[in-house]
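Participant: Quick one: the structure is below, questions incoming.
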Amino acid sequence: MPSDTSANLYDLTRPALGALLSGWGFGPYHRDQLWTALYRRHATTFDELDGLKPELLRMLREHTRLGQLATHHESFSSDGFTHKLLLRLDDGQTIETVLMRFKGRATVCISTQAGCAMGCVFCATGQMGLSRHLTPGEIVGQILHVNRILRASGETLRNVVLMGMGEPLHNYEHTMSAVDVLVDALGLAMGPRFITLSTVGVVPGIRRLADEERPIHLAVSLHGATDAERAALVPAGRRWPLDELMDACRYYSEKRKRRIFFEWTLISGRNDTAEHAHTLGQLLRGMDAHVNVIPLNPTVGYDGGPSRPESVRAFQDVLATYDVPSTVRQRRGIDIDAGCGQLKATVERRSRRSLPTSA
């Protein structure tokens, strides 16, 4: 039996797996055979790793494990298009994964940390603080978990968005190892253009991502177009002011030849006026940028509310005068706490209420 400290095979990229097997005397053929079993055949137990050499299988059983995520709680939206999962990790931590079904395609929103250190005031995860980084296997494991759900109904996954719990660029190494697994041609073989990473604006991470050969999409959570307004909503803005952030974004766009998506959560009376839109338009004018406008998902602990539809339209109209395109992101799963961190917070509140009180 492998120990609790044995290597989780899902934490390894294909080169790392090759290095492990090479130390045992097995070559690239055996590496790729095992890799295909994990990511193409979706093996979940060692018994399902049939076809491997008996000696290799024995070494795997003794020295590695197949880490699995377990469903702790799940909710389904009333329209049937959103499936939110609270997944339990080996140490008891829980993370959120959201499966969203659109016409002819499925998208999954995955987490990169248990909790988050960025502290965005309107985000339920930001109110929790950071517990720990996820390992590459825990990040990829969310995709594998969702793939099993989709396969049962004959569906396939098309898009992955790293917009769940946590800041991906705060867990850079593990997140990028997971991305490398997702795009590996012999594994899940996802196209990089179907993967989007969302960041609050970790400037060193944006610049590093620009310098590396991972042509995924980048989305930046902006929410304010002046330093003061942004820092009031996104405390990380105090560490990386807008001039530094926008310089990094321009560097990324020019280096990678890719459009950057900017996320703007519209909060009634806070950042949804024509004046706010003009300031944002001036900030982004001339960039290859697209704004995703997101009416706020109400969150316990934050008293802000979503903008009215007419305010959303007026905001977009102003952006258009600066030739800045925008899209209103459809809110999904409002009835099942599908906003980041909301399901975890709800389940934990219910658990606390159900605990017996001491005499």
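Using N, Cα and C of the backbone, Cβ positions are placed for all residues, glycine too.
Since the structure is predicted, the reported quantities are computational estimates derived from the model, not experimental observations.
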Participant: Which one, Ser198, Ser311, Ser326, is listed by Swiss-Prot in the same S-adenosyl-L-methionine site as Gly166, Glu167, Ser221, Leu222, His223, Asn297?
Facilitator: Ser198
Participant: Measuring Cα to Cα, tell me the gap between Glu167 (S-adenosyl-L-methionine binding site) and Cys123 ([4Fe-4S] cluster binding site) in whole angstrom.
Facilitator: 12
Participant: Near Cys123 ([4Fe-4S] cluster binding site), which recorded positions out of Glu96, Ser198, Ser221, His223, Asn297 have their CA within 10 Å?
Facilitator: Asn297
Participant: Using a 10 Å cut-off, grab the number of neighbouring Cβ atoms around the Cβ of Glu167 (S-adenosyl-L-methionine binding site), all chains included.
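Facilitator: There are 27 of them.
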Participant: Please identify, among the binding-site residues Cys116, Cys120, Gly166, Ser221, Leu222, the one with the smallest Cα-Cα distance to Glu96 (active site, proton acceptor).
Facilitator: Gly166
Participant: Distance check, please: Cα of Cys116 ([4Fe-4S] cluster binding site) against Cα of Cys109 (disulfide bond), rounded to an integer number of angstrom.
Facilitator: 16
Participant: Looking only at C-alpha atoms, tell me how far Ser221 (S-adenosyl-L-methionine binding site) is from Cys109 (disulfide bond), rounded to the nearest Å.
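Facilitator: Here the two Cα atoms are 15 Å apart.
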Participant: Can you tell me the three-state DSSP label for Cys123 ([4Fe-4S] cluster binding site)?
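Facilitator: For Cys123 ([4Fe-4S] cluster binding site) - judged by DSSP and reduced to three states - the answer is coil.
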